[in-house]
Amino acid sequence: MKNLPIIALDFDSTEAVDQFLDQFNEPLFVKIGMELFYQTGPQLIASIKDRGHDIFLDLKLHDIPNTVGKAMEGLSKLNIDLVNVHAAGGTEMMKQALNGLQKHNPDIKLIAVTQLTSTTETMLHKEQNIQTSIEEAVLNYATLAQSSGLDGIVCSPLEAKLVKNELGNDFLKVTPGIRPKDASSDDQKRITTPEDAKELGSTHIVVGRPITKSENPVASYHKIKESWLG
């Protein structure tokens with residue numbers, strides 16, 4: 001699995017994806033989220049793989065254990081590299097997800113979403129009724145994910161250092177909420193730059209609009225890639 005910045009393909013059609021990817025002449029690591037997957041279906045994955053790109057299928061599965069396990073068994077037949085669930089579904093759900101995934105392709109990495117980068121501490125306390133800091137809530141979910149056999153988590157870069165210190169370097173910390181210094185934060189609340197994410201312990205970063213909405217996506221990608229890889 002490549003250690004490149006993961007480009008979030010926040011589009012709603014195969015045509016838009018093709019138009020974007022046609023600008024690049026190099027292997028990429030891209031993220032297919034719910035919006036795109038639900039609009040285009042699994043066939044898009046094959047066409048992106050034909051271009052030589054790694055794929056993070058970001059569907060954030062969250063249901064009863066049996067349902068998630070069966071769904072993940074189906075997803076394991078797709079040619080993807082990384083997929084995720086919501087850690088809030090619990091350890092049994094995460095274990096069933098892992099079992100389902102390993103039925104057809106044990107090489108696919110499985111990670112768990114801890115807290116969305118749009119979540120604030122006020123939302124955590126008042127809406128989720130979790131009376132801890134975001135850092136403690138993320139670490140709790142990360143610990144459950146690791147104990148369930150998962151490869152890592154999705155978290156903000158702001159929590160990556162704590163997770164790294166507690167759970168080790170090899171446990172993946174895939175971090176959205178990445179913005180260059182001159183970019184808008186959009187709807188992300190807990191954000192950092194690529195350089196800071198690396199320093200804080202992120203193993204992979206996810207970047208969307210600063211690249212996909214850029215006037216020059218290739219140049220913006222290379223700038224972020226250089227900042228990330230050093």
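Placement of Cβ uses the backbone N, Cα and C atoms for every residue, glycine included.
Per Swiss-Prot, the feature substrate binding site maps to Asp10, Lys31, 58-67, Thr117, Arg179, Gln188, 208-209. What Swiss-Prot records for Lys60 is active site, proton donor. Marked as region 'Disordered' by Swiss-Prot: 177-196. Residues annotated as compositional bias 'Basic and acidic residues' in Swiss-Prot: 179-196.
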**Request:** Sort Pro65 (substrate binding site) into helix, strand or coil using the DSSP assignment.
**Result:** helix
**Prompt:** Including all protein chains displayed, how many Cβ atoms other than that of Lys60 (active site, proton donor) lie within 10 Å of its Cβ?
**Reply:** 18
**Request:** Give the three-state DSSP assignment (helix, strand or coil) for Lys60 (active site, proton donor).
**Result:** strand
**Complete:** Most Cβ neighbours within 10 Å, among the binding-site residues Asp10, His62, Thr117, Gly208, goes to Thr117
**Request:** Output, ordered by sequence, the same-chain residues six or more apart from Pro65 (substrate binding site) with a CB under 8 Å from its CB, or 'none'.
**Result:** Gly89, Gly90, Glu92, Met93, Lys95, Gln96, Ala97
**Item:** Euclidean distance between Cα atoms of the residue listed as 'active site, proton donor' and Asp10 (substrate binding site), Å
**Value:** 15
